[in-house]
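**Student:** My questions will all concern the structure given below.
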Protein chains: 2
Amino acid sequence: MELPALISTLRTALESDTVHLLRERLDDVHPADLASALVEFAAQDLWTLLTVLPRAEQAEVFGYLPAEEQVNLSINISRRKLAPIIRQMSSDERADLFNRLSDEQRETLLPALAQAEREDLLRLTSHEEGTAGAIMTSDYAILAAELTVAQALDSLRREAPDKETIYSAYVVDAARKLIGVVSLRDLILAPLHMPIEELINHDPIYASVDMPQEEVASLIAKYDLLALPIVNSEHQMVGIVTYDDAMDVAAAEATEDFHKTATIGKLETSVKQAGIGLLYRKRVFWLVILVFGNIFSGAGIAHFEGIIASHIALLFFLPLLIGSSGNAGAQSGTLMVRALATGEIKLRDWGYLLGKECLVAGLLGLTMASAVVGLGWWRGGYDIAVVVSLTMMLVVLAGSLIGLSLPFLLSRFKLDPATASGPLITSIADVAGVVLYFSIATWYLGL
Amino acid sequence: MELPALISTLRTALESDTVHLLRERLDDVHPADLASALVEFAAQDLWTLLTVLPRAEQAEVFGYLPAEEQVNLSINISRRKLAPIIRQMSSDERADLFNRLSDEQRETLLPALAQAEREDLLRLTSHEEGTAGAIMTSDYAILAAELTVAQALDSLRREAPDKETIYSAYVVDAARKLIGVVSLRDLILAPLHMPIEELINHDPIYASVDMPQEEVASLIAKYDLLALPIVNSEHQMVGIVTYDDAMDVAAAEATEDFHKTATIGKLETSVKQAGIGLLYRKRVFWLVILVFGNIFSGAGIAHFEGIIASHIALLFFLPLLIGSSGNAGAQSGTLMVRALATGEIKLRDWGYLLGKECLVAGLLGLTMASAVVGLGWWRGGYDIAVVVSLTMMLVVLAGSLIGLSLPFLLSRFKLDPATASGPLITSIADVAGVVLYFSIATWYLGL
């Protein structure tokens, strides 16, 4: 069912008081689609519609609701009604929700959970935001190393309903240290009486709880994993991160980096839902900082007022020259920022890439110089043509090398290279452009 | 084993002629890691090391080698030796490799494949690049609707070794039309004698062969799928796209969009491996185009030479004002480009977002104006302060609205909104900035 049709089915059911008939009709609708439709309704109606579903599916649909909507329901629906859903949620989604609630709201919901769930929740929410610990789930399947394949399959069958995945099962020792991983595929293929010992991969890829979440997502992508086991500092297994969460993390990190390339701070919500105040705050900081950066370009121009006044034709080429410098810098900067983010290049590659950039930017500068030499001649004669084309070569080179090096410099000082945004590089390249242009003009044209 | 240790192990084995002893030592090394180590060796040594492995793993490691390396080996190793590996590769990786070979190379390798593989390969490579068809694999598991759970498990057990995944199995009718999907999890949980009919999800998420690959990746991410079935125009099942390929597609699309935000064309290889010529070609086009865009700014300045000559202090503020306009525009443009790419906003949201942007940009403009009013006074007195702060308000607003609208405009005309890069928006905002600034100055200061 398409989204508009689904919404109107739900609305009709509410209006004609036939909500109880929905259960069967919604049987084949994907929980993600149902969640997309439900956000169109107010809290009470949303709740009425949600509770038509079987309990397990209620929790699943609830997990697909946007974070703000989950919090909203948590505030508007009584604890007694909400608790059964919260209990059914997967442990990582439950922890996410709790992280977004106020202390007071948490205090209200915690007593509704069983002791074990409460402890699990407090453990999961204790990890720092942005780390493996903060996105992992504790609903993973454990197998004892001594089992046969038949016993392991039985065990997974029993545990499956509560686990995030049973396609990867983990083998731990008595101290809960991670020993290895077994895939359901291997279990299915093996003879029933075989000890699973023979199927265990004893050298599994794993990550520690404090690994940054973007590195977790990279590991999962690099090794094509369904799930990545997470261990604490004692190598004890504490959770897994599944591929679907890794996809969400990768997309969120890419969005954050995109925004950074244009000097926008991290938005915790979508641009559609973000309020005026939030958008203002996330944008104003760098805009103001860059104004003060641009003052240097202004001061550069003011410094050269003499040569400008005597050769006013030079002004015609100013936007073109500093623009080209900034554009070339934005290109090389963006290439580096993205390649550093994906791990394609490392800090140590700077020298090699700088050498290559000198050649590429040299060629670009030559091309750009030939593109403007005629224009220079036409607007200002031979002398201006020389100054403009010589400047173009140098500013494209300077802009490119600034753009290339800034992300490395930031990385070197443990700052996020993505802060080397287009606008920041452009501002720096502008200053270099102004100074180069008018210095060359002063030198060549004399005063 | 860490990468440097692995490389030195391999090197030692080669030098001491003990390559045959490696097989056991490499048993627990992940194929992706082995591939990363192997690229450090020349073709013949790489081949010697690769062929130490069991045949199935050879194909797996080969699949993890970078595309250029695969092509390189295909050229340097005789067909007779290479064919067994190519036969063992998964169908989508084999199709990728073939797409990168010359016609002549394909002709050499094709006869080495069995009839069925050859037909499969030609079918897979016939799809347009960038579509679901071009990234799908034909190694998916099929179940007949009449089976019991026990029979289905037996069937999957038999098919597993050749299939990309058995965690999702597909049910098709006699005409190969897609009827539904069954998960291995449900099969494991169900009683053995149950007909699988009862476990089939009859309304599975699927995609058509010509769906753009980024939409395929979005579907997989949205619905947390392990694999997405792909159907042709007759609704016949033709392949699946798995989550790991979707992750790669999402990362590649993000990289492409990142590069576009800085006017860099699509690189088919990594920035580290790209040659000088390739990097030059991918960057020069827009740099030159934008030079001609900047001519308008230059012409704007030339047009106002009179007012500039009489109030040379105005020049000090030029970089600052047009810079701010471009920066604000880059911010709103980037927000829109990314939100359009993730599907978070649609074309129809333009009006709503424009209204919101007017308020946000208005506030930003006010803030920026107050940031520069004092500077204006100090450098040029009361009149200049009025002109500069009034201009700042308007250029920030103009830049933001241009930045916000351009991606929608491009989308509306079926062009990629990511083409609305920072540099392009900056160039347009610059022209607007120059004209606004000097018009206001002319009007307020008179001539």
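Going from the start of the chain as shown, residues are counted 1 onward.
Including glycine, each Cβ sits where the backbone N, Cα and C put it.
Per TrEMBL, the features are:
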DOMAIN    B:136-198  domain 'CBS'
DOMAIN    B:200-256  domain 'CBS'
TRANSMEM  B:284-302  transmembrane segment
TRANSMEM  B:308-330  transmembrane segment
TRANSMEM  B:358-378  transmembrane segment
TRANSMEM  B:384-410  transmembrane segment
TRANSMEM  B:422-445  transmembrane segment
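In the displayed structure, how are the listed features positioned relative to their neighbours?
**Tutor:** Long-range contacts of the transmembrane segment (B:308-330) within the same chain, counting only residues at least 6 positions beyond its ends with a Cβ under 8 Å from a Cβ of the stretch, are 297, 301, 361, 364, 368, 372, 375-376, 379-380, 384, 387-388, 391-392, 395-396, 398-400, 402-403, 422, 425-430, 432-434, 437-438, 441, 445, 447.
Beyond its flanks by at least six residues, the transmembrane segment (B:358-378) meets 317, 320, 324, 328, 332, 384-390, 392-397, 399-401 of its own chain at Cβ-Cβ distances under 8 Å.
Here the transmembrane segment (B:384-410) has Cβ contacts under 8 Å with residues 311, 313-314, 317, 321-322, 324-337, 340, 347, 350, 353-354, 357-358, 360-362, 364-366, 368-377, 416-420, 424-425, 428-429, 432-433, 436-437, 440-441, 444-445 of the same chain, all six or more residues outside its ends.
Remote same-chain residues near the transmembrane segment (B:422-445) are listed as 261-263, 286, 290, 293-294, 296-297, 300-301, 303-304, 307-308, 311, 314, 317-318, 321-322, 325-330, 333-334, 383, 386-387, 390-391, 394-395, 398-399, 402-403, 406 (criterion: CB distance under 8 Å, separation of at least six residues from the stretch ends).
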**Student:** Residues of the same chain, at least six outside the transmembrane segment (B:284-302), with any C-beta under 8 angstroms of its C-beta?
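**Tutor:** Contacts with the transmembrane segment (B:284-302): 263-265, 308, 318, 322, 421, 423-424, 427-428, 430-431, 433-435, 438.
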**Student:** Over the span of the domain 'CBS' (B:200-256), count residues by DSSP class, listing helix, strand and coil in order.
**Tutor:** 24 helix, 16 strand, 17 coil
**Student:** With DSSP as the reference, give the number of residues of the domain 'CBS' (B:136-198) in helix, strand and coil.
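**Tutor:** Grouping H, G, I as helix and E, B as strand yields 23 helix, 22 strand, 18 coil.
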